[in-house]
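Peer 1: OK, TrEMBL features for this one:
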BINDING   F:HIS106, F:ASP130, F:HIS132, F:ASP134, F:ASP216, F:ASP218  Mn(2+) binding site
6 protein chains.
Amino acid sequence: MFYRPGMVDALADYESAGYVLFGVPFDRTSSFRAGSRWAPDAMRSASANFESYNSFFDIDLAELPIHDAGNFEAGVLVDDVLSELSLDVAGITEDGKIPIMMGGEHSLTLPCVKACAKRAEGKFGVVVLDAHFDLRDEFEGVKYNHACVSRHILEEVTDNYVTIGVRSGPKEEWDFAKDNDICYYTPEEVTSKGADTLVEEIKEYLDCDSIYLSLDMDALDPAYAPALGTPEPFGLSSLEVRDIIRGLAPMSAGFDVMEITPEYDGGQTAILGAKFIREFIAAHAASMK
Amino acid sequence: MFYRPGMVDALADYESAGYVLFGVPFDRTSSFRAGSRWAPDAMRSASANFESYNSFFDIDLAELPIHDAGNFEAGVLVDDVLSELSLDVAGITEDGKIPIMMGGEHSLTLPCVKACAKRAEGKFGVVVLDAHFDLRDEFEGVKYNHACVSRHILEEVTDNYVTIGVRSGPKEEWDFAKDNDICYYTPEEVTSKGADTLVEEIKEYLDCDSIYLSLDMDALDPAYAPALGTPEPFGLSSLEVRDIIRGLAPMSAGFDVMEITPEYDGGQTAILGAKFIREFIAAHAASMK
Amino acid sequence: MFYRPGMVDALADYESAGYVLFGVPFDRTSSFRAGSRWAPDAMRSASANFESYNSFFDIDLAELPIHDAGNFEAGVLVDDVLSELSLDVAGITEDGKIPIMMGGEHSLTLPCVKACAKRAEGKFGVVVLDAHFDLRDEFEGVKYNHACVSRHILEEVTDNYVTIGVRSGPKEEWDFAKDNDICYYTPEEVTSKGADTLVEEIKEYLDCDSIYLSLDMDALDPAYAPALGTPEPFGLSSLEVRDIIRGLAPMSAGFDVMEITPEYDGGQTAILGAKFIREFIAAHAASMK
Amino acid sequence: MFYRPGMVDALADYESAGYVLFGVPFDRTSSFRAGSRWAPDAMRSASANFESYNSFFDIDLAELPIHDAGNFEAGVLVDDVLSELSLDVAGITEDGKIPIMMGGEHSLTLPCVKACAKRAEGKFGVVVLDAHFDLRDEFEGVKYNHACVSRHILEEVTDNYVTIGVRSGPKEEWDFAKDNDICYYTPEEVTSKGADTLVEEIKEYLDCDSIYLSLDMDALDPAYAPALGTPEPFGLSSLEVRDIIRGLAPMSAGFDVMEITPEYDGGQTAILGAKFIREFIAAHAASMK
Amino acid sequence: MFYRPGMVDALADYESAGYVLFGVPFDRTSSFRAGSRWAPDAMRSASANFESYNSFFDIDLAELPIHDAGNFEAGVLVDDVLSELSLDVAGITEDGKIPIMMGGEHSLTLPCVKACAKRAEGKFGVVVLDAHFDLRDEFEGVKYNHACVSRHILEEVTDNYVTIGVRSGPKEEWDFAKDNDICYYTPEEVTSKGADTLVEEIKEYLDCDSIYLSLDMDALDPAYAPALGTPEPFGLSSLEVRDIIRGLAPMSAGFDVMEITPEYDGGQTAILGAKFIREFIAAHAASMK
Amino acid sequence: MFYRPGMVDALADYESAGYVLFGVPFDRTSSFRAGSRWAPDAMRSASANFESYNSFFDIDLAELPIHDAGNFEAGVLVDDVLSELSLDVAGITEDGKIPIMMGGEHSLTLPCVKACAKRAEGKFGVVVLDAHFDLRDEFEGVKYNHACVSRHILEEVTDNYVTIGVRSGPKEEWDFAKDNDICYYTPEEVTSKGADTLVEEIKEYLDCDSIYLSLDMDALDPAYAPALGTPEPFGLSSLEVRDIIRGLAPMSAGFDVMEITPEYDGGQTAILGAKFIREFIAAHAASMK
Ligand SMILES: [Mn+2]
Ligand SMILES: [Mn+2]
Ligand SMILES: [Mn+2]
Ligand SMILES: [Mn+2]
Ligand SMILES: [Mn+2]
Ligand SMILES: [Mn+2]
Ligand SMILES: [Mn+2]
Ligand SMILES: [Mn+2]
Ligand SMILES: [Mn+2]
Ligand SMILES: [Mn+2]
Ligand SMILES: [Mn+2]
Ligand SMILES: [Mn+2]
C-alpha cells in the first residue's frame with residue numbers, strides 16, 4: 001500500500017477538514033541564517049515520530065479532520081509571496097477552516113493574520129511568541145521583512161496584540177513598544193508568573209473572541225530549539241510554550257510555527273515544532289468536545 | 001497555490017501514467033549502515049534541483065506521463081514487506097506501466113523483478129549494477145537479506161543475468177559466479193571497454209526483449225556516492241553509470257535506485273540518485289518517440 | 001604502551017569483575033530512526049571525557065572491578081538475538097556479576113531482565129525510565145519489537161513494575177496501564193514530587209529485594225538527549241534521571257542505557273549516556289562500602 | 001602578535017594592491033539551496049590550509065600585492081545590491097586593480113563584469129564556467145536572478161562570450177543559445193578536447209584583449225564540489241577547471257568564484273574554491289613577470 | 001561598502017577602545033576533543049545574529065569603545081604561546097584597556113590573569129566558572145596544560161580565588177581544594193543559593209577591588225553548550241551564568257570565554273559564547289555610567 | 001557471544017601474528033585541522049564494511065595472522081610520544097612482525113621508519129605518498145612537527161627515499177628537493193606514467209631489499225579523501241594509490257595510513273583508509289605464497 005509522505009495523521013481531504021495544514025518554504029528576507037525553506041518538509045518527516053493519541057486531552061489526532069494541503073508555491077519576492085499567500089489562506093478561512101502554517105520565515109504570518117481577522121466574528125486579537133519584537137517599520141530596505149511582522153500586524157490589522165518571550169530588539173523597538181503600550185512579556189516574566197496565570201492574564205487583557213497565535217520558534221531557548229534563523233539565548237522552556245499553546249489554542253482561529261532551519265541540528269527543533277502543531281490541534285479540538 | 005511535495009515533474013495521475021515512481025523506506029536487513037529508509041524522500045527533495053528538460057534526449061520530463069505513487073507502507077519483517085510489495089508492483093506492471101523504485105535496501109528489488117518478469121512479453125533478463133555479488137543464499141539467518149538479492153533473482157526468476165561494477169564478495173560468491181558462468185564486469189573492465197561497448201556486449205549476451213535494471217548505488221565510487229549502506233572504494237564513475245543507464249533504459253521494463261543513506265553526506269548521493277532516475281526516464285521515453 | 005580502546009576505567013578481567021559492561025549493536029525494529037547500533041562504541045569513546053573519580057560518592061571507578069566484555073554479536077532477527085543474548089547475560093548473572101548493557105534498541109532489555117530475575121534472591125522488580133509505555137503486545141508484526149518491551153516484562157517476568165517519564169502511547173496503552181494498575185509517573189509528576197521522594201515512593205511500592213533498572217534515554221527531554229531513536233519533547237531533566245539512578249542503583253541487579261542514536265548530534269547524548277553508566281556503578285559500589 | 005583573520009597571504013593595503021579580493025555574502029535569489037552567504041568567510045578560513053608558494057608558476061603569493069577588502073555590506077534586495085556593488089567594483093577597476101569576488105550567488109557577477117568592461121582597453125569578452133546556461137530573461141519574477149546572469153551579460157555588456165561546462169537548462173535556453181550562436185562547451189567536449197586546446201580555441205574565438213572570468217562552482221562535478229547551491233552531476237574535473245583558469249587568467253581583468261554553500265560539506269568545496277583563487281592570482285602574476 | 005568581517009559592533013580603533021577583544025586559536029593541550037582553535041572566528045560569525053542594543057542595561061554596544069584586535073598568532077608550543085601572549089595582553093592592560101579573550105583552550109587564561117594582576121590597583125582576585133577544578137600541577141607531562149590553569153593562577157598570581165560550577169576532578173584535586181580552603185561552588189549550590197546571592201557572597205569572600213573573570217564554557221550544562229572540549233553533564237544553566245557575569249562584570253579587569261569547539265554542533269555554543277561577551281561588556285559599561 | 005570491537009579480521013594474538021596493527025591517536029602538531037586522534041577507531045569501525053576476501057589476490061584476510069594491538073597511549077608532547085612509540089614499534093619489528101600504524105598525524109611515521117630500518121636486512125629505503133614535501137627542518141618551533149617528517153627520515157635514517165603525489169610546499173622545500181636530488185613524483189607525473197610503470201621505476205631507483213611505505217592520505221585528491229588535516233586539491237586517484245600499494249607492499253617491512261580527520265565527512269575517508277590497509281596486507285601476504 002502506498003501513501004503520500006506528509007504530515008502523519010492528516011488523513012482528511014480538504015472538504016471535510018477543520019484544520020488545514022500547509023507549508024511555506026520561503027526564507028528570502030532572513031537576516032542571519034536562511035534555511036527555513038526546508039522546515040515544512042522536516043516537520044512532516046518528524047511527525048512520523050509521534051503517536052496519534054494525546055493523553056493530556058484524550059484526543060486521537062487520527063480521528064480529527066486534519067488536512068495537509070502541501071506547500072505553497074513561493075517565488076523570490078516577498079511582496080508577491082505575501083499577497084498570493086493571502087488569497088490562498090483567505091480561501092481556507094472563508095471555508096470556515098483553521099489554517100495552520102509551517103514556515104518559512106516570520107514575515108509569512110501577516111497574510112495569515114489578515115485572513116483570520118477578516119473572517120473573525122467578534123473581537124479579534126493576535127498573540128505572538130517571539131524572542132524579537134519584530135516592530136521595525138522596514139529592515140534592509142524591505143518593508144515586509146521577517147523582522148517587521150509584528151509592526152505590520154499592529155498597523156494593518158489590530159493593536160489588540162500581545163507578544164511573549166521578547167528579549168531582543170534595537171532601542172527603537174523597546175521605545176516603540178513602551179510608547180505604544182504594547183503588551184509584552186520577557187521570558188523571566190513568563191517564568192515568574194507561570195504559563196497558566198499568564199494565559200489568564202492575556203485572555204483578560206485581550207478581551208476578545210478569537211485570536212491568531214503565531215509561534216516564532218526563537219521564543220524558545222536554544223537548548224530546546226537550536227536550529228533557528230536567529231537563535232537568541234535565555235528563552236522560554238518547551239513546557240512554557242506548550243502550556244501557552246494549550247491555553248490559547250481553544251480561542252485561536254489560526255496558528256503557525258515559524259523560523260525553524262532544520263539543517264542546523266539533527267532533528268531536535270523540527271521534532272519540537274511538529275509536536276507544538278499537534279498540541280495546538282489537540283487543545284483546540286478538545287475544547288470543542 | 002499549494003502543491004504536494006514529491007518528485008518534481010511527476011505531474012501525471014496514476015491512470016494516465018506510463019512511469020510510476022514509488023519509494024520503499026525499508027532498511028531492516030542492512031548489514032553496515034542503516035538509513036536508506038530516508039532515501040525516497042531525500043531523492044524527492046533533491047529533484048527540485050533539476051531542470052525538467054533533458055538536452056541529450058531533447059525530452060522534457062514535465063511533459064511525460066510520470067506519476068509519484070508515494071511511499072510503500074513497509075513493516076519490520078522483510079518477508080512480509082517483499083510479499084506485499086510484490087502485489088503492489090504487480091498491479092503497476094499489469095496496468096502496463098513501468099515501475100521505478102526508490103529504495104530502501106537492495107532486497108526490495110526481488111519483488112519488482114518478479115512483477116516485471118511475470119508481465120514480460122518475450123525473453124526477459126536482469127541487469128544489476130552493484131559493488132557486491134549479492135549471491136549469498138542467506139545472510140545472518142535471513143534469506144531475503146539485502147546481501148542475497150541477486151542469488152534469489154537467479155534462482156527464482158531468471159539466469160539471464162548480468163552484473164556490473166562487482167568488486168566485493170566472499171570467496172564463495174566469486175566461486176559461485178565462476179562455477180555458474182555468471183556474467184559480471186568489474187569496474188576496471190567497464191572502464192577498459194567503455195560504457196557503450198559494454199552495453200552492446202550485454203545486449204548481445206542477454207539476447208532478450210526486455211530487462212529489469214537495478215542500480216545498487218554502491219556500484220559507484222564513493223567519490224561520487226559517499227552516502228551508502230556499504231560504500232566500497234574503487235568503483236564506477238557517474239558517467240559510466242549514466243551511459244549504461246542510457247544504453248539499457250530503452251529495453252527496461254522496470255528500474256530502481258537503491259541503498260542510498262542520505263544522512264551520511266550533504267545531499268550529494270541523493271542528488272545523483274535522483275538524476276539517474278531522470279536519465280532513465282528520459283532515455284526510455286526518447287526511445288519511444 | 002598499547003591499550004584496547006574500550007570503556008575507560010573498565011580495567012578488570014571478567015573473572016574478578018563485579019560489573020560487566022557490554023554493548024549490543026542491534027536496532028532492527030526501531031520504528032522512527034535506526035542507528036542505536038553505533039551507541040555502544042560511541043559511549044566507549046565518550047567515556048574518555050571523564051575523570052575516574054566520582055566526588056558525590058567518593059568513589060574512584062578505576063579502583064572498582066569493572067569489565068568491558070565488548071559487543072554482542074547480533075544478527076538481523078530479533079527473536080534470535082534475544083534468545084542468544086539471554087544465554088550470555090544469564091552467564092553473567094549466574095557468575096554473580098551485575099550486567100550493564102549499552103544498547104542498541106529497547107527490545108534488548110527483556111533478556112537482561114529475565115537473566116536478573118532468574119538469579120534474584122527474594123522479591124524482584126523492574127523500573128523502566130521511558131517516554132513511551134512500550135506496552136503493545138506486538139508492533140508492525142513483531143512481537144519483540146522495541147515498542148513492546150515493557151509488555152513482555154509484565155507478562156513474562158513480573159508485574160512488580162514501575163515506569164517513569166511516560167508521556168507517549170496510543171490510547172490502548174494508556175487504558176491498559178490504567179486497567180492493569182500499572183504504576184507510572186509522567187515527567188510533570190516527577191518534577192512535582194522531586195526525584196528523592198519519588199525514589200522512596202517507588203521503593204515502597206515495589207517492596208522488593210532487588211530490581212532491574214532500564215533507562216530508555218528518551219525518558220529525557222531532547223534538550224539533554226537529542227540523538228535518540230524516538231525523541232519525545234517535554235521529558236525529564238538530566239538531574240532528575242541522575243538522582244533516580246543514584247537512588248535505585250543500590251538495589252539494582254542489572255542496568256542498561258538504551259536507544260541512543262549517536263549520528264544525530266555531536267556527541268551530547270552518548271556523553272550523557274556514558275555518564276549515567278558511571279553514576280550507576282558509583283552509586284551501587286558506594287552502597288556496598 | 002595579533003592578525004586580522006582574512007585571506008591568508010593577502011598582505012597588501014588597498015593602495016599598493018594589484019589584486020583586490022572581496023566577499024559578497026548574498027544569496028537571496030538562490031533557487032534550490034541558500035547558504036552562499038557563508039562562502040567568503042569559509043574561503044578565507046580555508047586559505048590557511050595552503051602554502052604561499054605556487055611551484056607551477058614559481059610564484060610566492062605572499063610577495064604579490066594582494067589586498068582583502070573584506071565583505072560587501074549586502075542588503076536583501078538584489079537590484080539594490082547589484083547597483084551598489086557596481087559602484088564599489090568600479091572603484092577598484094578604475095584604480096587599475098583586478099577585482100576578485102568571492103560569492104555569494106552568481107547574479108553578483110553582472111556588476112563586476114560591467115565594471116571591468118567599462119575600464120577595459122581594447123576588445124573585451126566574458127568567459128563563464130557553469131553547469132547552467134543562466135540565460136533566462138527573468139526567473140521567479142526576478143530579473144537579476146542568479147539563473148539569469150549570463151543573459152544580462154549578453155544583453156547589457158557584450159556578446160563576446162563563451163560558457164564552459166554547460167549541461168543544464170530548459171529547452172528555451174538551449175534554443176536561445178543555438179539561435180544566438182552562443183559559444184558553449186559541455187563537460188564532455190572539454191574532456192575530449194583537453195583544457196589546453198580548449199583555452200586556445202576560446203582565445204581565438206573571442207579574439208579580444210581582456211576578459212572577465214567567472215567560475216560558478218557548479219561547473220565542477222559534485223565529486224569535487226559537493227557543497228553548492230545547485231549541484232549538477234556529470235561536470236568538469238578540478239584539473240580541467242584549474243587548467244582553464246591557468247590558461248585564461250593572464251588575459252583576465254576580473255575573476256570570481258561563486259555559489260559555494262559551505263554548510264553542505266566538511267570544507268571540501270570552500271578549500272577548492274580558495275585554491276582556484278590562488279591559482280588565478282599566480283597564473284596572472286606569472287604572466288606579468 | 002566593504003567591511004572587515006569581525007565581531008559585530010566592535011567599531012572602535014585600538015587607541016580609542018576601552019574593551020579590546022582578541023581570539024587565540026590554540027588547542028594543543030586539549031585532552032578529549034580539539035577544535036577550540038576555530039572558536040574565535042565562530043563567535044565573530046555568531047555575533048551577526050544579535051542586536052547591538054542590550055535592553056537590560058539600556059546600553060547600545062555599537063556606541064561603546066570596543067575594538068577587535070584580531071587573532072593571536074599562536075604556534076604549537078604552549079610555553080611559547082603563553083609567554084608571547086602574556087606580552088601582548090600586558091600591552092593592552094598597560095594601556096588601561098580591558099582585555100576580552102575568545103579561546104582557544106583554558107590554559108590561555110593564565111597570561112591574561114597575570115597581565116591584569118600586574119596592572120591592578122588595590123586587591124585583586126580571580127573568579128573561574130568551570131566544570132573542572134583545573135588544579136593539577138601538570139597533566140600528560142605538560143605543566144601549562146589546559147587542565148592545570150587554576151593551579152597556576154593560585155601559585156603564580158593569587159589565592160584570592162573562587163571557582164563556580166565545579167563537578168569533576170580526580171580525588172587529588174578535591175582533596176587539594178579542601179586542604180587549601182579553596183572556595184568552590186558546585187552547580188547544585190549555585191542553584192540553591194541563586195545567582196544573585198552567590199555573587200554577593202563571592203564579592204564578600206574575595207573582598208577585593210578588581211577581579212579577572214574566566215568562563216570555561218563547560219561550566220554550563222551540555223544542553224546549553226554541547227560543543228565543548230570536555231563537556232560535563234549536570235552543569236549550570238545559561239541564565240545562572242548570565243547572572244553571574246552581570247554581577248561580576250562591573251568589578252572585572254579582564255574576561256574570557258574558553259573551550260568552545262564549534263564543529264560539534266550547529267552554532268548553538270558559539271552563539272551563547274558570543275552572547276556572554278556582549279553581556280559582559282554591557283554590564284561593565286552600565287556600571288560606569 | 002561477545003567480541004572486542006576492533007579491526008575486523010584481525011583475529012590473531014600477538015604471538016602468532018605476522019601483521020601487527022596499532023593506532024596512535026595523536027594530532028598535537030597538526031597545522032590546519034586537528035582530529036586525526038579519532039582516525040584509528042574510525043578505521044576500525046569502517047572495517048566492518050568489508051568482506052574478508054580479496055579477490056584480486058585470492059586472499060582471505062580472516063585467514064591471515066593479523067593482530068590489532070590497540071591504541072598507543074599518547075601524551076601531549078611530540079618528542080616524548082615519538083621516543084616512546086619508537087620503543088614499542090621496535091618491539092614489534094624485533095619480533096619479526098610487520099607494523100601497520102593507523103595515524104594520527106604524519107610525524108608519527110619517523111619512529112616506525114627507524115624501527116623498521118634497524119631491523120632491516122640488506123638495503124633499506126622509504127617511500128612516502130604525500131601532497132606535501134614535509135621537508136622543513138622544523139615548523140612553528142617544533143622539530144618533530146608533522147610537516148617535517150620526511151626531512152628527518154632523510155637526515156636520521158636514509159636518503160634512499162622516494163615521495164609520490166607531491167604538489168605543495170614552500171619554495172625552500174622545492175629547492176631543497178632539487179638541490180638534494182630527492183626523487184619525487186607529482187600527481188600529473190603519476191598519471192602520465194601509470195602506477196605500474198611508476199612502481200617499477202621506483203623499485204629500480206631505490207634498488208633495495210626492503211622499504212617502509214607511508215601513506216599520508218592527503219596524497220589523494222579530496223574527491224576521494226575529503227576528511228584530512230590538510231586537504232590539497234589536484235591529487236592522486238584512489239586507483240593510483242591502490243596500485244602503488246599493491247606494487248610496493250611485497251617489499252615493505254612496515255606501513256602506515258596517516259592524517260585522516262574523520263569528523264570532516266560521513267565516513268568516506270576512513271573507509272578508504274581502512275581499505276588501503278587491507279589491500280596492503282593482502283598484497284604482502286599474496287607475495288609470500
Ligand atoms: Mn519573528
Ligand atoms: Mn524571532
Ligand atoms: Mn546490492
Ligand atoms: Mn552493494
Ligand atoms: Mn522504550
Ligand atoms: Mn522510548
Ligand atoms: Mn550560474
Ligand atoms: Mn550554475
Ligand atoms: Mn578549564
Ligand atoms: Mn573545564
Ligand atoms: Mn605528511
Ligand atoms: Mn601531507
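Note that Cβ sites are derived from N, Cα and C of the backbone, with glycine treated the same way.
Note that TrEMBL annotation is computational and uncurated.
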Peer 1: For the binding-site residues F:HIS106, F:HIS132, work out the Cβ neighbour count at 10 Å and name the residue with the minimum.
Peer 2: F:HIS132
Peer 1: Kindly assign F:ASP216 (Mn(2+) binding site) to one of the three DSSP-derived states: helix, strand or coil.
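Peer 2: DSSP call for F:ASP216 (Mn(2+) binding site): strand.
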Peer 1: Taking the Cβ of F:ASP130 (Mn(2+) binding site) as the centre, how many other Cβ atoms fall within a 10 Å radius?
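Peer 2: So the number of other Cβ atoms within 10 Å of F:ASP130 (Mn(2+) binding site) is 28.
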Peer 1: At a 10 Å cut-off from the C-beta of F:ASP216 (Mn(2+) binding site), count the other C-beta atoms across all protein chains.
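Peer 2: So the Cβ neighbour count for F:ASP216 (Mn(2+) binding site) comes to 29.
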Peer 1: Around F:ASP218 (Mn(2+) binding site), how many other C-beta atoms are within 10 angstroms of its C-beta?
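Peer 2: I get 27 for this one.
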Peer 1: Measuring CB to CB from F:ASP134 (Mn(2+) binding site), give everything in the same chain under 8 Å that is also at least six residues away in sequence.
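Peer 2: Same-chain residues close to F:ASP134 (Mn(2+) binding site) (Cβ under 8 Å, separated by 6 or more) are F:HIS106, F:VAL128, F:HIS146, F:ALA147, F:CYS148, F:VAL149, F:SER150, F:ARG151, F:ASP216.
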Peer 1: Using DSSP and collapsing to three states, where does F:HIS106 (Mn(2+) binding site) fall: helix, strand or coil?
Peer 2: helix
Peer 1: Taking the centroid of the Cβ atoms of F:HIS106, F:ASP130, F:HIS132, F:ASP134, F:ASP216, F:ASP218 as the Mn(2+) site, which other residues of that chain lie with their Cβ within 8 Å of it, listed in sequence order?
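Peer 2: Here the nearby residues are F:VAL128, F:ALA131, F:HIS146, F:ALA147, F:VAL149, F:SER150, F:ALA219, F:THR230, F:MET258, F:GLU259.
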Peer 1: For F:ASP134 (Mn(2+) binding site), what is the secondary structure state per DSSP, taken as helix, strand or coil?
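Peer 2: Looking at the DSSP assignment, F:ASP134 (Mn(2+) binding site) belongs to neither helix nor strand, so coil.
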